[in-house]
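Taking it in order: structure first as structure tokens, then the write-up.
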Ligand SMILES: [Zn+2]
Ligand SMILES: [Zn+2]
């Protein structure tokens, strides 16, 4: 099995464990999230799947994503712009974001635990997590600018 198939199977198993019914739409949305790796918006997912599910609305997609988020399968990413993007939760990773086209690419980097420890020490906060994003222009957008 390919990595994405294993991830899909594990995701479906954990849905079963939490008692969430697996509808064909939920199956398709999960599959799309795992295989696309593009951090899609609910609208992107809707557009990708509307041919397969003509009766599905963007609201349905969004509601299903919310179910996945509550179970802990997906993370909702908000970066201040209008529409939230969704990320299938694998391991912790950071994001580099194109400031021209909005593409989000994953990259791994050792967890910056010491930042959290330092913040807790200095402020007395009970620190739960941190978020770091890198911004720039993706390879396609940099090429376009050069022309
Ligand atoms: Zn770009
Ligand atoms: Zn990601």
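All positions are counted from 1 along the displayed chain.
Cβ atoms are placed via backbone N, Cα and C, with glycine included.
Within 10 Å of the C-beta atom of residue 101 (Zn(2+) binding site) sit 11 other C-beta atoms, taking all shown protein chains into account. Marked as Zn(2+) binding site by TrEMBL: 98, 101, 138, 141.
Residues or ranges marked as Fe cation binding site by TrEMBL: 130. Around residue 130 (Fe cation binding site), the same-chain residues at least 6 positions away in sequence with a Cβ under 8 Å from its Cβ are 112, 115, 116, 119.
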Excluding 98, 101, 138, 141 themselves, which residues in that chain have a Cβ inside 8 Å of the centre of the Cβ atoms defining the Zn(2+) site?
99, 100, 102, 103, 137, 139, 140, 142
